[in-house]
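Note sheet for the following structure.
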Amino acid sequence: MTTKIVFLPGDGVGPEVIGAAEAVLAKVSEQEGFSYAAEHHAFGGAAIDSHGDPFPTETRAACLAADAVILGAVGGPKWAGGSVRPEQGLLAMRSELGTFANLRPATIMPGLEALSPLRPERVTGCDLLIVRELTGGLYFGDREEGSEAALDTCRYSRDEVERIARIAFDAARGRRGKLTSVDKANVLATSRLWRSVVDDMATDYPDVTLDHMLVDAAAMRLVSAPTDFDVILTENLFGDILSDQASAVAGSIGLAPSASLGSGKGGIFEPIHGSAPDIAGQGKANPVGTILSLAMALRHSLDQEAAAVRIETAVSKALADGHGTFDLGCSDSTKEMTAAICERL
Ligand code: NAD
Ligand code: IPM
Ligand code: MN
């Protein structure tokens, strides 16, 4: 059966970085000798414009049938005040595809410590993985909109915590064996449930060292001692915030990839950044986060580990050779950076 890859360029810099990932996939598939069928569908603000819906029926059907979905980004000022927002499409897709586990690595590549805004001695060896719960919590709770008062509710069930914690424990087992569960158990009931579920599971993982950290302290540790972390397990909103912070510690949000996985084989793969309206259309967005997300798709959903490693190695080489976009203090355009990576595949 042909491997089916759905590209959702979305809004702002989305189409620019998706173009970069497609160029890399075209080359790496030839080198590794595999074929695939690519489709493109409307999503986000672009789909509101064309279909009146950020996640149109045909896009939904294509994503459900895909082996992997590669997404650029959604959102932008054009749709911010509307009754339907691009971000609702993203949340609907994550929920309907059941991708409850969002993996967001933040790694300083050896020799590239200077990319970090932190002092090199602070970040040398920084290699952490945020495991973010993606289909629960405040993002999916009951909501009441109002001009005088508004309400968002946060709910987690034992099952929801268990399945994401299992992913994080397993990830820690395959890495340096350290798991930090981040919550706000001194205030939130959901965090106290979270902590007790994670503690219950620890007996299944005697080889993993578990600790708990309050989210405010974790934000502080992430910049004062980022190398202390191996795997961070946390709920949806905390993971959203901490992953942007971790990406900056590792150099730039433009470098950061993610994989959103569920119980099946497919997944959604997207850079963690947004549509970057401030630089959209200028051809200067950093494509690396999207290209590394493609590598995660090849590894996690498409059985192409060799292709994933080839891409990751080429990205490291291009950066080590001094290539980079403006956010890294370099001058490559999106296309030049992509070409530099393709040459090194
Ligand atoms: P953003 O991530 O789009 O941008 C934050 C900053 O990072 C900006 O200065 C931007 O120029 C920079 N940046 C982002 N990506 C970059 C890249 N590839 N290369 C270089 N610099 C990059 O966040 P924002 O401005 O807060 O949000 C803009 C819109 O994107 C909003 O509508 C938001 O909802 C949406 N958003 C979407 C996603 C997604 O689709 N997964 C993620 C985050 C934000
Ligand atoms: C992300 C984004 C999304 C999130 C928004 C656009 C809904 O910030 O993927 O990190 O908060 O999950
Ligand atoms: Mn985010």
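Yeah, the Cβs are placed from backbone N, Cα and C, and that goes for glycine too.
The domain 'Isopropylmalate dehydrogenase-like' annotation in TrEMBL covers 4-341. Per TrEMBL, substrate binding site is recorded for Arg94, Arg104, Arg132, Asp216. The site 'Important for catalysis' annotation in TrEMBL covers Tyr139, Lys184. The Mg(2+) binding site annotation in TrEMBL covers Asp216, Asp240, Asp244. According to TrEMBL, the feature NAD(+) binding site maps to Gly274, Ser275, Ala276, Pro277, Asp278, Ile279, Ala280, Gly281, Gln282, Gly283, Lys284, Ala285, Asn286.
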Recorded positions close to ligand 1 - of Arg94, Arg104, Lys184, Asp278, Ala280, Lys284, only those whose C-beta is under 6 Å away: Asp278
The domain 'Isopropylmalate dehydrogenase-like' (4-341) [mean pLDDT, rounded to integer]: 97
DSSP three-state assignment (helix, strand or coil) for Asp216 (substrate binding site): helix
NAD(+) site span - longest C-alpha distance across Gly274, Ser275, Ala276, Pro277, Asp278, Ile279, Ala280, Gly281, Gln282, Gly283, Lys284, Ala285, Asn286, in Å: 15
Listed recorded positions (Arg132, Lys184, Lys284), ranked by Cβ neighbours within 10 Å, top entry: Arg132
Cβ-centroid neighbourhood (8 Å) of the Mg(2+) site, Asp216, Asp240, Asp244 excluded: Val215, Ala219, Leu237, Phe238, Gly239, Ile241, Leu242, Ser243, Gln245
Asp244 (Mg(2+) binding site): secondary structure state under DSSP, collapsed to three categories: helix
For Asp244 (Mg(2+) binding site), the one of Arg94, Arg104, Arg132, Asp216 that lies nearest, given that the binding-site residues are compared by Cα: Arg104
